[in-house]
Each structure stands twice: as C-alpha cells, then as structure tokens.
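Feature annotations, reproduced from TrEMBL:
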type     : residues : note
REGION   : 1-34     : region 'Disordered'
TRANSMEM : 54-74    : transmembrane segment
TRANSMEM : 124-149  : transmembrane segment
TRANSMEM : 156-172  : transmembrane segment
TRANSMEM : 235-254  : transmembrane segment
TRANSMEM : 261-278  : transmembrane segment
TRANSMEM : 332-350  : transmembrane segment
TRANSMEM : 362-382  : transmembrane segment
TRANSMEM : 394-414  : transmembrane segment
TRANSMEM : 442-460  : transmembrane segment
Amino acid sequence: MSSASPETGAGEVDSARTPPRVRRPVEEPEEGPGPAELVRAALVRARRLAADPLLWVSLLVVAAAVAARAYVLAHSYFVEDDFLFFGAAHAADLTPEFLFSLHKGHFMPGAMFLVYLQTAFLPYAWWFSAGSVLVLQTAAFLVFLRLLWELFGRRWSLLVPLALYVLSPLTVPVLGWWAAALNAVPLQLAMGLALLWTVRHLRTGEQRYAWQAGGAVVFGMLFSVKALFLPPLLFTAAVAFLYPGGLLTAATAAFRLHRPLWSAMAGLTAGYLVLYLMRETAGGDPEGAALPRWDTAVELVRLMLTEAFPVGALGGPYEWPLVAPTGGLMDPSGTVVLGAWAALTALVLVSLGRRARAWRAWALLTGYLVFADALPTVIARGRDQGMAGADARYVADAAMVFALCLAFAFLVVLEQRAREHVGRAGEEAPSPPGRSRSRRRLRTAAVAGLALAHAAGALYSTHTYARTLNGEELRAYLDNVRASLADVPEGGLYPRPVPEDVVLEWNGERRLTSYVLPPLADGETAERLRVPEQAAAAYVFDEEGHLVPGVHTEFSSVVVPGPDDECLGTLEGAVSWPVLEVGGAEQVATVGYVSEEESEIVVSVDGGWIEAALPAAPEGAFRHIPVAERGNRLSLFLDEEAVCLTGVALGRLAPGDEDTPPIPQD
C-alpha cells in the first residue's frame, strides 16, 4: 500500500487498526499497464477524488488564496526594478554574461532568462507577468498541500498549516512586485518540491526522487540566492522528524542510509556558494553584499524578527501605514505586536506540552529565520537600509517554513505513527471515554474558530495591502508612453528621469527614459531613445508619459546677447563661458543661430570635442547637441562670418510646450 495521498481516498490512513506504511516496496513490473488499465485506474482515482471532502475543502482554501492574490495583482503594476530588468534585457544579448550578472546582489540566471524572453516578445505586458507568477504561486500552494498529505497522511488537521501558508500576508507583497516575485515565488515552489521528493526518496529508496529533489534545489538556485539554504533545510527537517532516535543518532543514520543524497546536496550548496562568490567578485556590483553598519543591522533584524515575521505569520498587520513606491511596509501597532507574540508563545507552549519533539520544529524555524532570512538581508541591505526589516518580502519564504514547522510541532509524521504502533505491539488503540471525546470536540471547535479568525485577518491584511499600490497611475504612465511612441515627430529624443514612483532616484542613469522606455518602441525609435542624436527639435517625456518639446530652464547655463546686440560676440570664431558642472547622458548643448548657408560648429566641454552641422537658417533655428562630458567651461568654435549666435544653453532639458523657446531669453 502506498502512502496516503489525495488520490488514495479517505479511509486508508485514519484507520486505528492498521499501522501506516511509510516504506513502500519498489516493484518493477515486467510489463507496464496497458491503455485500458491506465484509463480504468484514472477513472478510479477521479471517483475517489470527487468523493473526498477533505481534498475539496483544501482546494477551496487554495482557491480563496489565489483569488486574493489575483485581487492584489489587479491593483499592482510594473515598478522600480521591473523597469530596470526590461531596460537591461533590451540593451543586452542573451549571453552567459547577461544571465549570470548580479542585480543588486541577486544571482538569478533563471529569472534573467524569463525577463529576456518577455522583453523580446511581450515587453511591459502586465497580464503576462502577473499571470505567470500567479500560476507559479498556485503551483507552490498545491505542492505544499501534497507535501502535508505525504508527511502526515489524510487528516482534517492539515487544513490549519495549509491555511497558514496559502493565506499568509507575508507572501503577498513579494507577489505584487514582479522583480521580487521572480525570486521568491520560484523559491517557494522549489522548496515545496524539494521537501516532497526528499520525503518520497527517504521512504521508498527510489533514485528518481533523489534526482528530482536535486533538480528542485537547482531550480531554486536559478532564481534566488536563498536556495543556497535548501539543502540544509532538507537535511535538518529529515534528521529531526523522519529518522528515528535522537538528533545525533538520526544524523548518523542519515549519512549511513542515504549518503549519496546528502553528499550531493552538500555539493550543490558548496558549488553554488563558490559560483556566487566568483560572480560577486567579478561583477563588482556596488549594490550587492557589503560589510553592514552595526546600528543599521540591529535595526533591520529587530524589525524583521520581532515585528514583520511574527505579525505577518499570524495574519497581520491588518494595516500598512508606511507606503513605498513598491507597496506597503509593516509598521504594526504595539498592540498587534504584543498580540502576535502572545499567540506565538501560546502555540509553542501548547505544542511542547503535547509533544516532546515539538521543540525541534521551533528550533528549525528559528534557524531558518536567522540564517536564511536575517543574515543574507543584513549582508545585502545592512549598510543603510534598516527599514528593509519592515518589508515582508524578505521573509516571504519563511511563511512555508512556519506552516511546516507548526505541522511538525502538533502532528505526527507517518514514520512516528508507525513506530508508535510497533511499540504497542499491534494492540488496538483504546477508545476514548465520553469526557475525552467532548474535550476533543471542544478542542476541534476552538482550533477551527482560531483558524477562521486567522483567515479573516489574513484576507483583510491582503485587501488593505492592495490599497497601498498605485498600479493605476503606473499603468496610465506607460499607456501614455505607448501612445506617444506610436506617432513620434522628427527631432531628437533626449533623456530625462522617469517619475520617482516609477524608478527611484538612487538608480542613477538607469532611471532615464533612454534606459527604461526603448523596449516599448520599434527598432529605429528605440535606437533614437537609447542614443540621442543631434537635431533641430528636442523632445522629452513629461511626468505623465507624454512626448513634449524639451526646453532649457533656469537650472541650465544660459548665455544670450545683450539688449542692444543681435549676436553673441566671438574672437575669430572662438568663444568660451563658465558653466555649471552637470555632465551625463541628460546634458544637452543647445545653440540658437542665424545662418544664410550651411556651416559647422565644434562644442567643447572639459576638453572633449563634438562636431555638429548647422543647416542653413536665414530665419533662425536651434541645434541640440548631446554632450555627456562634465566640466565647468563651455567653448564653441564656428565660422563667425557665416553664423550669428543668438543664444547658447548647456544643461538638462525639461518638458515645455510649442510656445516655449528652447533657450530662455531672460
């Protein structure tokens, strides 16, 4: 008889007279079943599934969680690193260097591959991005249900840890931000699959499950650095709950009975760590790992482990008063924090009173939080981002670990049930007296009530989080950009920063329109955006995403003729002025001139020389010339006999209108 599963029906595990079998014999039939037998078996399984109320209730819980997350995704949109991903993929080729590059300390070749594919075929298509991560999240939910069923058999109490995970607010913020979801959601799926297939391998000895568990770990490593901790998690959970005896005895048995599996897992961890350190050293990522500041690290860990995790794991925070461009951050009230800790303490104490081994589950959870969540976050964000501890995204993966450890603390795995049955020498379990049955019913009602209260709180927290998202404004910005790019006028398309709620200022030149918007344009227009050209007319994108004339403002260095002069004076065609040091991709030199014939001009900033053609302009014209060099002096060289300079400006262009001259005249 195989271990209990959603496909085995309701009666195979709950029988008190039959010991659960967890070591399944490996039988290799001489011939596989024929098509008719496969069809009959499938029909039998389908009938059993349709008749199992526990499975349908479990699927209803999962469906509610998926619907809540779809609601969040409907309020969300691309933001911050999402734009950086599309911009980087559009500017690069699909090479190992691109796939294995680090992004703000994250090593995620699998995610970069998905980004590249979407950039090539469906850039900035939110329906596809949101839909794909929702499918992966749903798969993670279903895998966790199967894992619980595999570990503990068919029992109604599985609904509690299932609901704790699938409804957890900890997994909501990370899903609503596509760049973060590309890390966290595949990691959750990999974690569930690796645990499931490891359990099956330990119970059956079938090598295919060992290979599948290793493949799940590798899959996780393609998306998240935290997958480095999957092999230690698998080993610790197995030693604590699947092997008999004390921890030392169980660890010894693990290496004796399954040495190839655990050796391979250790090799994956070591190999991945070496590869990551090599990329960290070679990449020179200034936003990656660094030595943290002590006070910042303490604040980060305090917020993460004493507020964000306990509150989120138990259904909070109910409100998200701190709002970043990517969504709400946790800042729970003191009452909510104390309530979460009281509930968590009660869970621990009750479990310790019921089961002697429950401490192992809480030790496993604590170790995971410290080593897999807190430590990497401190290394990556502990320099100057103490508030990162209030971001639920950094502990999203711990939601599954918490639910699993809660199950380990209160429920008995099939291995332990089998050992207990053997210890009773096959005697029937005594029937509980009436008073015990009453207490059991009361306990069941209390657990059900608490579970419903948690579900209501978690769904309310999900709803209030969705209200912190500004997906409508972000969607409107890109819609306007698309409309503008559908009819681009002749002229230069010059870069300027996108709004701060799209990409934050600290991303430097990666927040410029020349980096962010080319994926939306056709090939020629994308090149005009990426490499601005010299032109007679200048255009920039305004704060709403409209393409409008670009003009210099009072923040540019401007030189115009005096009130009694028509032209700026030169010394044999050479002229020079002190200017503000700006530099960079946004800097544009604009020359106003009158010329009866075509001529040329040379623009020099900080010793750099740029030649530009000046078309004939008897009625006057402007020439916009991109100048990236940074310096405090602007020099021009021209034919003073042919060209009359009517104004010069150097600086960044700002949105204007058709009636605003490119160079301020006063």
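Using the three backbone atoms N, Cα and C, a Cβ is placed for every residue, glycine included.
In this chain, the transmembrane segment (332-350) lies out of contact with the transmembrane segment (442-460); the count of Cβ pairs under 8 Å, excluding pairs fewer than 6 apart in sequence, is fewer than 3. Ranked by Cβ pairs under 8 Å to the transmembrane segment (156-172), the stretches 54-74, 235-254, 362-382 are led by 54-74.
Same-chain residues lying 6+ beyond the ends of the transmembrane segment (235-254) with a Cβ under 8 Å from its Cβ atoms: 195, 198-199, 202, 262, 265, 357, 360-361, 363-364, 367, 404, 408, 413, 415-416, 419.
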